[in-house]
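Colleague: Sharing the features that TrEMBL gives for it:
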DOMAIN    105-517  domain 'Major facilitator superfamily (MFS) profile'
TRANSMEM  105-128  transmembrane segment
TRANSMEM  140-163  transmembrane segment
TRANSMEM  170-189  transmembrane segment
TRANSMEM  195-219  transmembrane segment
TRANSMEM  231-253  transmembrane segment
TRANSMEM  259-278  transmembrane segment
TRANSMEM  331-351  transmembrane segment
TRANSMEM  371-392  transmembrane segment
TRANSMEM  404-423  transmembrane segment
TRANSMEM  491-512  transmembrane segment
Amino acid sequence: MNSAIRSSYLTLTRDRSVPIPETPKLQPFPRFFDSTNRNNRFRDVSSGSSLLRTRLRHDSAEFRTALSHRVGVSSKNAQFDSFPDENEAQAPSFAEFITSERVKVVAMLALALALCNADRVVMSVAIVPLSLSNGWSRSFAGIVQSSFLWGYLISPIAGGTLVDYYGGKVVMAWGVALWSLATFLTPWAAETSLWALLAMRALLGIAEGVALPCMNNMVARWFPQTERARAVGIAMAGFQLGSSVGLMLSPILMSQGGIFGPFVIFGLSGFLWVLVWLSATSSTPDRNPQISKYELEYILNERKKSLVENKPKTTKVIPPFRRLLSKLPTWSLIIANAMHSWGFFIFLSWMPIYFNSVYHVDLRQAAWFSAVPWTVMAIMGYIGGLWSDIMIRNGMSVTLTRKIMQSIGFLGPGIALVGLTTAKSPAVASAWLTLAVGLKSFSHSGFLVNLQEIAPQYSGVLHGISNTGGTLAAILGTVGAGFFVELVGSFQGFLLFTSLLYVLAALFYNVFSTGERVNFDEPRLMSIT
């Protein structure tokens, strides 16, 4: 009987003169939110939509319009505009971000970079008593300090290639172990011969050459693009705090344990770090047993958008160097890294001596005056990274964001160095130096993050190439500063020259850099994309 009634009704509805029965009023979708379980909620929505389709069988434009106000249909599946897509990762809150596994990884990287820089700056303090006891001239002291850079010149490209191939975890562990050994053995080398001391400092440089490529590799694999500047800011904050810790603690440790006290303490600390790193971290998020499902899905979904590769390479160990060097964006990174390293090592190696010789402060005070700017740089680096991520999240192009950050990071120190040359007291000089070093940290959200963006599959080796250019500039600047001061008799002239170089490097970067991925698969001589 029911079948007969349905047949009669369908026959009648074909005749437009017969009124169509009024459709029952649609229930509002909020009734599907009664379920507290998110998965059940979406099952309720699915079942509810099936009931609606059953009840709305009529081919009425009126019904289609009513339904379209509530349901958005895509080519793949139906999606309800009123509900968040379960597959779309939501941006984490600050509390979720700061307690996540990826922040634990970058915190370990920050600690490694702190040890990296502390180990290298110890010699900046120790060089003063070593020069007095051995009768070294100002220019020869510059050569001793640059011995670290001899080794640092060798390893970045090879280390970056190994990082791209094996991943950052393993290479970073080997690097920290080797540079900690070199630091620990420095007292023995100094007591043995000058050549042994130079060799041990060169070994320190070889091992530390892999640190920044490893950091870049780990950040690219653990952080989405909208968080990378912050991640680099955290890691580089450790790098700058390492300078502060090294410069401030070295005079204290020397007064308690002799000239070589800090070398022993920092060396042993590195061995302890390696043990924690190997046991508590993984090279990629999907290999981490402690990561939450939410965080893993968020990282993987964001990686799909930016097309960042997840796993270490298993083929093509030798990267396409000619193609990498055929693009102007690569050279913008090389020039930026070169200028960054020039200024960094001038500040790091010569500022204690600068305050000691120009303002006649003792070694401990000189170390403190030199250490304060690095602490500010650590804080400013994170602020710059956060600001950079916010600009990108709000719709500003990656290219423009990187150029703004790099301009602040180079033009700021260029102007501040001019002020430093006019300072009449150590306090005013320290204020200008703090401004220069603090603004310099914004370049971490410029070229340093940019390395991951133009070639994520070659970020390690690209960092190695740019680091080699930076190391050559650092050697030239560190040694050249000593000879310049001996010939001209003025630190101020060299600082003004450095200021000019900052301005020229900022110009080059702004003209030729890009925040987009560059095609390195096909050679195009000196093209931008």
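Every residue, even glycine, has its Cβ placed from backbone N, Cα and C.
Just so you know, TrEMBL annotations are computer predictions that nobody has curated.
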Colleague: The transmembrane segment (259-278) vs the transmembrane segment (331-351): three or more C-beta pairs under 8 Å (separation of 6 or more)?
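Modeller: By the criterion, they do not touch.
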Colleague: Out of 105-128, 170-189, 371-392, 404-423, which stretch touches the transmembrane segment (231-253) the most, going by CB pairs under 8 Å?
Modeller: 105-128
Colleague: Can at least 3 Cβ pairs under 8 A be found between the transmembrane segment (331-351) and the transmembrane segment (170-189), with each pair 6 or more apart in sequence?
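Modeller: No, since the transmembrane segment (331-351) and the transmembrane segment (170-189) share fewer than 3 Cβ pairs closer than 8 Å, they do not count as touching.
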Colleague: Hey, which bits of the same chain come close to the transmembrane segment (140-163), Cβ under 8 Å, at least six residues off its ends?
Modeller: 120, 123-124, 127, 130-131, 171, 175, 197-198, 201-210, 212-214, 217, 317-319, 345, 349, 353, 460-465, 467-468, 471-472, 474-475, 478-479, 481-483
Colleague: Who are the long-range neighbours of the transmembrane segment (491-512) in its own chain, taking Cβ under 8 Å and residues 6 or more past its ends?
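Modeller: Non-local partners: 328-329, 331-332, 335-336, 338-339, 342-343, 346, 350, 354, 357-358, 403, 406-407, 410-411, 413-415, 417-418, 420-421, 446-447, 477, 480-481, 484-485, 528.
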Colleague: Taking a Cβ cut-off under 8 Å, which residues six or more beyond the ends of the transmembrane segment (170-189) line up next to it in the same chain?
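Modeller: Long-range Cβ neighbours of the transmembrane segment (170-189): 109, 112, 115-116, 119, 122, 159, 162-163, 196-197, 199-201, 203-204, 206-211, 213-215, 218, 259-260, 263-264, 266-271, 273-274, 277-278, 283.
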Colleague: For the domain 'Major facilitator superfamily (MFS) profile' (105-517), report the average pLDDT of the model, please.
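Modeller: Residues in the domain 'Major facilitator superfamily (MFS) profile' (105-517) carry a mean pLDDT of 84 in this prediction.
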